[in-house]
Ligand code: XMP
């Protein structure tokens with residue numbers, strides 16, 4: 001048997017080239033997520049329940065990447081998460097939430113928490129503006145059984161705009177009147193939109209944010225290939241999701257091809273990412289099946305034990321190289337999913353042919369990842385767990401279709417772990433993007449396409465790997 005050698009990130013280094021850069025900021029990180037969607041930075045947060053909920057997805061899209069919401073919840077919860085992202089940042093909120101004036105403050109509070117908005121327009125069934133219940137009204141209401149109409153700011157005291165109000169005008173109103181929300185109404189006082197000062201701030205503070213044609217942050221979600229996946233896909237699309245990932249452990253399978261056909265029929269106008277796969281053959285067949293991006297990685301993830309349990313997989317650098325050579329011929333972008341431990345791995349993954357990378361555990365310990373912060377020996381941690389871990393499988397049983405599953409039949413292909421708490425995701429992404437841009441400057445690459453052209457890998461020995469890390473000193477920072 002002729003057994004070829006396959007490599008991963010730590011097996012190689014990129015050879016530096018003469019550079020014309022005077023600053024790494026000359027590099028641009030714009031890339032393609034799929035056939036029809038671009039990103040300003042090539043980073044995606046993984047669809048794991050310890051990594052991406054709406055909070056992470058909002059942060060990722062603001063920073064120039066995207067989050068793929070996990071699917072380990074009910075369809076209703078999943079849809080609610082998409083809506084939260086879509087409402088987090090707008091140019092104009094075209095259909096703002098409203099509360100009836102006869103509701104109590106505690107009912108309004110509950111509604112605001114559920115929808116994730118800080119203040120509510122007040123209106124009864126006719127969509128006419130009656131007032132605003134602001135963040136302050138909630139905060140300082142002493143009697144939560146009072147009616148909304150008794151504590152709201154009434155219509156006659158409100159500054160309002162109309163459908164033609166510009167952002168410059170809105171900015172001036174926010175500055176002059178110290179208000180946070182500007183309702184837009186027509187001549188008959190019907191609500192036609194809302195501009196918030198937070199949205200304007202975000203536009204200024206996050207110049208790289210990825211937004212849809214209505215100015216809302218973009219977000220992805222994923223589906224499987226069993227049970228209610230078609231209904232889930234349809235509901236997610238209705239809620240405004242921008243892209244769907246068909247995510248199964250072995251994406252080069254009949255189940256996947258069957259799902260692609262059915263999803264194309266059920267949700268025809270949305271980009272589909274399919275994965276995970278690890279070979280040229282699989283990439284070719286998925287491209288032929290018409291998917292809009294492919295996700296590469298069988299077993300490289302930090303919490304994966306697929307290779308140990310099944311003996312199957314492919315070292316990630318080789319998998320990316322082989323899949324992307326084929327995918328490029330079809331114009332289909334490649335996502336390198338799993339195994340990224342540091343920014344240098346991102347440079348290697350993109351240099352090897354990927355268009356984007358997906359990060360799991362690197363983002364699991366951040367403020368924005370779902371789950372609580374734990375304290376152990378005066379240090380803070382969060383959970384990072386595999387989607388095929390035992391505890392995840394146990395939780396999945398709570399979702400109806402898997403209720404009858406016998407736990408002793410489960411063969412986990414992932415583990416549950418703790419990762420150090422790392423603060424906000426922005427600081428991690430800044431480090432990753434800074435490292436990527438530096439890597440691009442070492443190879444004189446102003447774009448990711450140039451990086452892929454300029455990259456020259458060398459294989460290194462175990463000694464080379466030791467030399468690459470911190471060695472023979474005790475690091476203090
Ligand atoms: P990192 O290394 O970034 O990897 O934490 C994240 C990716 O790991 C995959 N994943 C799994 N793979 N068993 C596996 O074999 C699992 O339980 C599991 N959970 C997640 C997934 O592709 C993710 O994006």
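FYI, residue positions are counted from 1 along the chain as it appears here.
Cβ atoms here come from the backbone N, Cα and C positions, even for glycine.
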Site co-member for IMP according to TrEMBL, given 337, 338, 339, 360, 361, 413, out of 302, 441, 445, 461: 302
Distance-selected recorded positions near ligand 1 (C-beta under 6 Å), from 247, 304, 397, 467, 468: 304
Neighbouring binding-site residues, C-alpha within 10 angstroms of residue 249 (NAD(+) binding site) - of 302, 337, 339, 361, 413, 467: 413
For NAD(+), whose listed binding residues are 247, 248, 249, 297, 298, 299, the greatest C-alpha pairwise distance in Å: 14
Residue 247 (NAD(+) binding site) versus recorded positions 304, 337, 338, 413, 468 - nearest by Cα: 337
Near-site residues: IMP, ref 302, 337, 338, 339, 360, 361, 413, CB cutoff 8 A to centroid: 46, 297, 300, 301, 303, 304, 386
Neighbouring recorded positions, C-alpha within 10 angstroms of residue 298 (NAD(+) binding site) - of 304, 337, 413, 467, 469: 304, 337
Structural state of residue 467 (K(+) binding site), classified by DSSP into three states: helix
